[in-house]
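Heads up, the thing below is written out as structure tokens.
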């Protein structure tokens, strides 16, 4: 059984703790080692009167049981005084439970100004005042847990409680924003809607129901949400009588009710009402970004359905003939010089690491095969979008605050030099009318002398400039391609650093959106977002690693569509499908499941002979029989072995010096699994050994450690895990 949850040394402030729920919270926290501030004004359930006896009785009860507590008798509107009591007595504040409340129930028409105001002051303003007083202290100590107390009345409404309902749902809105602002400082805020008997509810509930809904049936949820090991943040929970349920927002898929070059009408709303209100296949947005985001994907959908922006009498920003003069316009040529240092800086910015030995060629100029990552070719060309660039094109007026990077194509004609100077020539290839904006398609060619090294195509969306009657598609635009519908052939993951955007911007993209919290907030994001081209670089590196063994000479081209933003610190998961020399892929944020790069692919230069990344079926290899036997043996004892080993081993079996087959022994997930092919996720240890030497190890003729030190067995990753190989091969590989 797991150890009990303790709060030793934590300082907990509970408001309205003189009775009911607050008393139950205070006693429960104190029983588990917390230092408790028991706040209660001492008035009745209507907020009339005051006194010290209620808080004093709870403090005395805690002390009798061996706990530590102090009383506070101030109104929650004096939040600073409550927090000062905690600081003066115990020196810190870790947990705030906003529980204090009163009732002034009246039918709506009978609510007086006083009835309305006092409810807002105690419930909403009081919680604000107390939490604000504690906030900076929690930020400085990089820790805090906050509970807001809402109500079923606030969530669903209740007759006679308009004032109470408004305040209670307001607390949920307050909590939702505190979640966003407190996340970086490890401050969690959750909201509960309790059903419990108290001096407030005893006037509206039958006596036997009040008795059944004991506060002690709510307190355990509050304690769990306030414990340092609880990762829940931003949740809304109904709780009572020993039952707990979590709530979330749900939104219909809705309907688009406007058509190309036609006004939007109330009749169109009426005619689509059933679809607008249909919760089949509903979405469940978890943030304002999810609610309003995904604009590029939406615009592509609008484009494919032939739907345009709604004109309301405003003149379009330009006409087709005006933009026609822009198409074909050549921007001034420019040079991009770079050294090995810039190549290394870029590689680090897109996640290359010395933790992966095969990445050394990208981060160490002294490596025998030092190479520049292929996607650095975008860095070479991006100056065409900055430093004047598009802003100086005659006839093209752009508000760069409304520019979104929609798609990117890069093609290499030979590997990028490890250093040098490339001359770049840019041209406006086309302009498309997407109704609610325009898409500018720009081609950039980069030369070393007269030799073409790489070609970029930038597709940027400018919000609010469309509707001029121009064409919606272009044969010049490199097409994005949907990924296959089958499960991916390979998946790689990398967790980005909190400093990822700060590091990547050193490669030349200095947009403050990616570093300045204030600028990001103005743009509608809770914090600075990662560069889309940084995610692009991570994804391309995953494909190169998985299917080309980091051989940059095999990289031919890449096309991506940017779908959603990524926040530094999130985990990027690249899902890949191999079809010939084309690797389809999409990239997700592992924590949310959001697709951030979609309809993407990498084209590889074909190779002759056996491919190191696409192993044969392993025919005529003795090792295939052994792996099959290990798989059969693990079916009965897999879970026990997983507990002992807790690792994923990827095997590269060679024949005549070439990789002839790959196998994975997954002893980390579920009941274990053995399958042919690379690890579905990331392997903890990758082992390369010949088919003959593998059989020698299995038969006990060759010790794995001796094989490693003699060079006959090569391991990368966590090589200490290879010590467990003897147990695996000895016990489960007997033929």
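Using N, Cα and C of the backbone, Cβ positions are placed for all residues, glycine too.
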Which of 423, 434, 476, 588 belongs with 405, 406, 509, 510, 511, 512, 513, 514, 532, 562 in the (3R)-3-hydroxydecanoyl-CoA site listed by Swiss-Prot:
434
Here's one to test understanding: among the recorded positions 16, 26, 423, 510, 662, whose C-alpha is closest in space to the C-alpha of residue 355 (N6-succinyllysine)?
662
For the domain 'SCP2' (623-735), give the DSSP counts of helix residues, strand residues and coil residues.
51 helix, 34 strand, 28 coil
Between residue 564 (N6-acetyllysine) and residue 512 ((3R)-3-hydroxydecanoyl-CoA binding site): CA-CA distance (Å):
18
Could you tell me the maximum Cα-Cα distance in Å between the residues recorded as binding (3R)-3-hydroxydecanoyl-CoA, namely 405, 406, 434, 509, 510, 511, 512, 513, 514, 532, 562, rounded to a whole number?
28
Measure from the CA atom of residue 405 ((3R)-3-hydroxydecanoyl-CoA binding site) to the CA atom of residue 564 (N6-acetyllysine) and give the result in Å, rounded to a whole number.
11
From the recorded positions 26, 164, 434, 724, pick the residue whose C-alpha lies nearest to the C-alpha of residue 57 (N6-succinyllysine).
26
Just to be sure I understand the packing, how many Cβ atoms besides its own are within 10 Å of the Cβ of residue 510 ((3R)-3-hydroxydecanoyl-CoA binding site)?
10
Given residue 151 (substrate binding site) and residue 16 (NAD(+) binding site), what distance in Å do their CA atoms have, once rounded to a whole number?
16
When DSSP is mapped onto helix/strand/coil, what comes out for residue 151 (substrate binding site)?
coil
